[in-house]
């Protein structure tokens with residue numbers, strides 16, 4: 001899988017997703033549940049806004065000194081016996097991993113959940129050199145067994161499937177013969193995955209945060225699979241987006257606390273693991289060889305721009321969990337492994353406007369995402385800035401839209417045109433009026449996008465100017 005999901009545009013995908021009542025119900029239920037849990041743990045923490053301010057300061061400071069902390073991280077990883085590779089592109093990262101796999105004659109890779117590896121299409125690259133890749137996060141494992149069904153949520157990848165659908169997948173693909181009870185499904189998956197952990201040659205993980213002062217990296221999970229991936233295979237590969245680091249363990253403590261509360265509404269996840277390099281001589285477990293791949297893949301081009309604050313993201317999906325557009329369309333409609341508001345901002349920056357120019361418009365600009373963000377990214381402002389760039393700099397807005405807006409600007413800028421335009425509007429729109437409703441129920445382009453889902457009011461026969469003049473003639477003040 002790579003960053004792009006499917007071949008449909010956002011508008012095309014939305015038409016399909018809006019008809020999927022189960023998906024919309026599942027997303028709504030999950031959003032409500034996750035949001036309520038987040039609010040509860042926020043209250044338990046107390047002074048939530050102060051924690052947000054502090055988290056924002058940590059992320060802004062780190063980004064402002066990113067070269068310094070990346071250098072510190074790489075030096076400390078190397079000092080602990082690890083190997084560090086800076087990958088400018090997805091291709092460079094994948095080629096490095098392929099080389100490690102070939103050198104180790106690896107046949108099986110156990111992998112924990114990672115958005116950056118999805119972004120660069122690492123699974124396909126590993127399979128291309130003859131490796132069997134096993135996703136060990138339960139949600140990702142379900143999707144992999146289900147013919148590589150793409151994830152629909154950053155934190156809960158199989159959000160769009162219910163337990164009956166998962167039972168069917170396990171029965172058809174793995175010979176499962178028990179019920180659809182979540183406990184039995186999870187136990188079955190656990191037994192299957194235990195075999196994979198024990199036979200894997202290489203373990204691959206993402207990274208929630210790298211810690212510059214010690215050369216460590218942290219993994220936050222509820223299932224414990226990341227610990228298995230990082231302790232059983234002899235070779236360990238960690239892939240990290242270049243912005244995903246903190247200066248010290250003190251900052252790590254703050255951001256992990258914010259991450260777990262914002263992502264799943266927990267004070268702390270079941271497992272918070274911090275690992276540092278390969279195993280030492282006096283240690284009995286852990287990898288014999290450790291590789292850290294630091295991925296740029298377009299991130300350095302965001303630094304120093306008006307979009308830099310998006311790199312503060314800690315991948316908690318709090319913005320996704322409050323987004324009204326995601327609530328109705330689900331994750332697959334975005335065509336990116338990054339859905340919701342974070343995806344609508346980040347995807348055009350990493351994947352380009354040619355592919356993702358629709359996503360900044362997949363927003364009501366209500367600002368709920370900005371209010372939910374634990375590191376105070378101004379998401380709705382960034383979406384507006386994307387729209388400005390698309391129209392003013394990239395000139396990529398639809399031709400019909402440009403013509404309509406140009407015509408409106410002309411009319412609104414000249415009083416005579418505006419006067420006669422408003423007088424003529426009722427007559428011009430009359431052929432499209434539904435006489436029974438007194439509304440336009442099926443309008444011409446570009447009104448069709450509106451009238452396909454709601455009615456459009458008919459212009460009043462008496463415009464405001466005429467109404468005001470008549471009122472003044474009657475002596476009204």
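For all residues, glycine too, the Cβ spot is worked out from N, Cα and C.
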Given Swiss-Prot lists 313, 316, 319 for [4Fe-4S] cluster 1, the same-site residue among 366, 373: 373
Of 319, 366 (the binding-site residues), the residue whose Cβ has the fewest other Cβ atoms within 10 Å: 366
Additional residues surrounding [4Fe-4S] cluster 2, by Cβ distance to the 323, 366, 369 centre under 8 Å: 319, 322, 324, 325, 326, 341, 363, 364, 367, 368, 370, 372, 379, 380
Spatial separation of residue 373 ([4Fe-4S] cluster 1 binding site) from residue 323 ([4Fe-4S] cluster 2 binding site) - C-alpha basis, Å: 12
Least buried by Cβ count (within 10 Å) of the binding-site residues 369, 373: 373
Residue 323 ([4Fe-4S] cluster 2 binding site), number of other Cβ atoms within 10 Å: 28
[4Fe-4S] cluster 1 site, defined by 313, 316, 319, 373: further same-chain residues with Cβ within 8 Å of the Cβ centre: 262, 314, 315, 317, 318, 341, 342, 369, 372, 374, 375, 377, 379
DSSP-derived class (H/G/I helix, E/B strand, else coil) of residue 316 ([4Fe-4S] cluster 1 binding site): coil
